[in-house]
There are 2 protein chains.
Amino acid sequence: MVDDTLLSMLLEAENEFISGEEISRRLSISRTAVWKKINKLRSLGYEFEAISHKGYRIIVSPDFLDPLTLTNAIHTTVMGSKVEVIKTTFSTQEDARRRAEQGAAEGTLIIAEEQTGGKGRLGRKWFSPYGKGIWMSLILRPQQPLKFASQLTLLTGVAVCRAIRQVTGLEVGIKWPNDILIQKRKICGILLESAIEDNVMRYCIAGIGISVNVDDNDYPDELKTIATSLKIESGSTVNRTLLIAAVMEEFETLYQIYQQKGFRPIINLWEALSLNLNEEVIVHSHQGIQEGIAVGLDSSGALLVDMGMGEIKPVISGDVKLK
Amino acid sequence: MVDDTLLSMLLEAENEFISGEEISRRLSISRTAVWKKINKLRSLGYEFEAISHKGYRIIVSPDFLDPLTLTNAIHTTVMGSKVEVIKTTFSTQEDARRRAEQGAAEGTLIIAEEQTGGKGRLGRKWFSPYGKGIWMSLILRPQQPLKFASQLTLLTGVAVCRAIRQVTGLEVGIKWPNDILIQKRKICGILLESAIEDNVMRYCIAGIGISVNVDDNDYPDELKTIATSLKIESGSTVNRTLLIAAVMEEFETLYQIYQQKGFRPIINLWEALSLNLNEEVIVHSHQGIQEGIAVGLDSSGALLVDMGMGEIKPVISGDVKLK
């Protein structure tokens, strides 16, 4: 593992140099020992600028997810304030659920480099190859009536969409309820699972899967035409640590707005990012298949679809296809 | 394990005799082998009436829970149509959740002779000693909007209360939302846990704990004054198999009524069994402690409490104490 004390010191300094002398003094170790520790970090993929009389600063962090690097990068109070990184797991949703049952606090974030049984909505699988994406689950403990569960789904979509736009500049948008697309291809899936006791929400796990640096030839054939990645679309590797931090920060901001001012401001932000609004949609639900034009969200988070003849129908669950 | 084929034949015959000759013919075994199998069942606690030229019939089934005996005793289409009995487990709620995630059908029933980590509402523990009670979890897959989750809690309470009355004759009643009491002492607890994806209920686990044959000196000191059992109250051992069957049958009947006619008939049955109605109650919820008089249920399942001055307040969650 990484030597936390030295790395933490260097990460906290951000772009400032720290001299070998200062490191030696603060860690109570010899200059030779400092040098050895710096080399240890180099072997893990960190790169440093080293200037005589000024000292060291980190210029490249390796492309693996490290709890300490993440914690330093995430500037929030609650969301992502505790981060756990797992190399390979079946499903971060399941891991987060276990932590939540054990009493983990709101904002606890579980991230994996790889999921072998990644879950999507409606029992679908989620492709989660090693080191290529952000496969993570955030524990929430919202104090709100049950009927607002779907509002949190939409809020999460807005937070992730805004974070991706901010970090990559890509014009990603939201397909109701919670897919994030670019050029009609999926770049991110969101799954909110809640545990209810009687009629009280005990906790909610927001699962977020972002295909960050997945390459075209990583995808199995059946996904090639419907999925893409931030790297494929932008042409360059995207720093996952920065993107995770941006998602946590956006989420925390929106969650505070939501708790203080209700769902209306979230609807406005959602509609601004929506790919469905004023577009023809095909609604697949357990009531069958119907066509109409999406006209907005209602206060519960249902998609309002104009079915023609002035009939506006709220779609509560199901799938929506862009025509 | 029990020899299923012979036991099944004898159980299905109910009070009719089956001759050794018929058993021998139907199982294609010798009369001596029949005799050995009967003795094997005797060693497990079954008692038979054996009459020359008539044959055998079961007069006493042993006091352990056996899937085959249960399946024969439960006369339903869905509820309890598949039964799993575990000797000792941490929590049947957790076991049922795993089964539900694996796709177990509605009506699957998980029963344990003992729970080492039995759960009650609000994170409380549930005392579940070996062989002394009914500690079980029923998998439900209701097709209904999320907001009706608490209606199922109340329905379960009515089903269990009616089954206990029917089997034991004891005048048990319901304390809102879902405790079953006799003489102000608790005899049964109910816990409904639901798994929600976005705003759709994937499944619901109805946990039912009935203190059937628990003796006074089984209870730890802190429970002695607040808990009792069917055996303590009735003065005799209650057959758990019959009671489980009665609960499944009542549940299935009420669940059908609920799906066909809505919640109103369930409200009426609940109110008839309620210990709170027209009584002073103290409401403990996250809004604090308040007093009032319970006047009924609203259509969502909230307890309506008259706080005085004509103010009727719906209590959605929390604890209610009888004054």
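For all residues, glycine too, the Cβ spot is worked out from N, Cα and C.
TrEMBL labels come from automatic prediction, so no person has curated them.
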**Asked** When TrEMBL marks a stretch as DNA-binding region, which of B:20-39, B:100-119, B:220-239, B:280-299 is it?
**Response** B:20-39
**Prompt:** In the structure shown, which of the binding-site residues B:Gln115, B:Lys186 has the fewest other Cβ atoms within 10 Å?
**Reply:** B:Lys186
**Request:** Within the DNA-binding region (B:20-39) only, compute the mean pLDDT.
**Result:** 89
